[in-house]
Amino acid sequence: MGGIGSALDGLNPSPAENGSVSQSEPHKRLSQVDTVVLPFLGGFGRYQRRLVALTWIPAFLISFSQFSDHFLLGQPERKCVRPDQNRTSSVREIFDLITTGNEGSNVTACMCSEWRFELQSGLQQNVVTKVRCSDGCPWKRFPPVDGKLPFKGIVHLKMKIPSSNFNNMFSTLRFFEGFCLAAIRLSLYVLRIELCLPAWRFSMTMIASLIIVSGQLLMPGLAALCRDWQILQIVIIAPFVLMLPYVWMFPESLRWLLVTQHYQRAKRQMFRIAHSNSVDTATDSSGILSELETELQQKPKTFCVTQLSGTRNLWKNTVVLCVNSLTGYGIHHCFARSVLEGSASHLHYYALAAIAVASCMVLFPVVAGFGRRGGLLTFMIITALASLLQLGLLNLIGKYSIWHDAAQRDSLNQRFSYAFSIIGMFSSHAVSTLSIFYCAEITPTVIRGGGVGLVLASAGFGMLTAPLMELHNQKGFFLHHVILTCCTLLCIICIPLLPETASQPLPETIAEGEGLLRRPILPGEQHHLLARTEVREYSRVQDTPLHQVVNPGNGSVPSNSTANGVRTS
């Protein structure tokens, strides 16, 4: 199967509709990072392996911060230790207690003068119990706000803030923590992808995912050792001080330097990589260094993610993966709610972590066998089936069940609900993980950070499902689940339109990203594809001035070229 990028490079230039466009011949060797530059510098050598391993350390530390919400914001169980027999509850008190949706919403709950709050997360006190026990603040559910990382070191200082302002201040700082975490996670993810050759990209990314899950598994033990939420905060944030040298240890991506024409910096880095990988640069048989010397005076170029709006295929691929990411993270909470049912026990916490580990492990053989697109489609189908069966089959069981005992029907419904929820969490986690990785391979180097950032932002919107449901006391949850199930069906239709990127070089320029066209999923499908010459008057992609500016070699097309790629039969 020939590469699309190499096919486009061989096309002859043709004049644009509004005049001829003069472009110099692209630097083929310097732009072929995966196939020419990195193999010349030692491939995935000691230099690349060391940097990839260094990206795993902050990923492990970030996982502590990422999963600390379960402990810092866990809802405690409250018990009445001193009933107030002389107090009579007013109608207003009873109404307020019922409408807040708290546990024990009955009349006797109003007749207590002293409460005891017990946490099941291993901490003696957390943020929620502090808010409740200080200055007699009213009991409320504290919605989790996904906030992480650098600002977390400031949170322990908030103990001096009056408790009336504690809730708002904590939520504000957690928001900025999440903002910083997104930037750090994005930088590490993109850097890890760009350091690896095609054969190593997926395995290195999955190892990082497993390391993050290992932090999730260790978090309960860390909370049990700390016992206090403020000490836990310090233990989580203190190791990040050791990450400050990363500013000098991690160089800029060589791919990005070459494609944006920062050739002076690229030259110094290439010699550093070659020295670390024990490569002799004196024999420049490929001509890379000599070509680099001739281009040292070129001015750097700048790119922005907003250039996606001027593409024909790339923006569609990005939107499809954004919807996949949003749906995967959003529906994961719908499945998790059916299993957890408000429980904060370690058993349910470890169950979620075990499902994540199993999902990452199964991703290896599935993606190896079906590719990126086939694997994503497979897990999305499983997610849709689990959701549809959970929504529809359970109602049918309750309506047409042969058991007349209501207790037996409820027990059967609960078992089926648990089974479908576990399957759904398993597959939706795989969908979320693979969508982000897929976007990193489809988006070109010049805007890869922005493209992956859009998918991560969509994942963040999906994760907002949990706090939104908490704020509304689970009202409208069924409709929310139905909407996300419809999104899974829409994703199943759109995923086959994505290009396959397995074992392919990363696209470096926007033109190369546009060249990643859809390949047939089934072997027999390619016989029904129209030749590009037959649909030229309809598509006319090659005649647009913008396309000729970014890719001047598009005058003639190969005879085996089709509207959906290159015919391979």
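Placed from the backbone N, Cα and C atoms, the Cβ positions cover glycine too.
Please treat TrEMBL annotations as automatic predictions, because they have not gone through curation.
Region 'Disordered' is the annotation TrEMBL gives to one range among 66-89, 546-569, and that range is 546-569. Where the transmembrane segment (478-498) meets the stretches 203-225, 231-248, 347-370, 376-397, 418-440, the count of C-beta pairs under 8 angstroms peaks at 376-397.
With a cut-off of 8 Å between Cβ atoms, the residues of this chain six or more beyond the transmembrane segment (347-370) that come close are 70, 202-203, 206, 209-210, 213, 216-217, 220, 336, 339-340, 377-379, 422, 425-427, 429-430, 433-434, 502. Long-range neighbours of the transmembrane segment (203-225) within the same chain, counting only residues 6 or more positions beyond its ends whose Cβ lies under 8 Å from a Cβ of the stretch, are 52, 55-56, 59-64, 66-68, 70-71, 121-123, 188-189, 192-193, 196, 232, 235-236, 346, 349-350, 352-353, 356-357, 360-361, 363-364, 433, 437.
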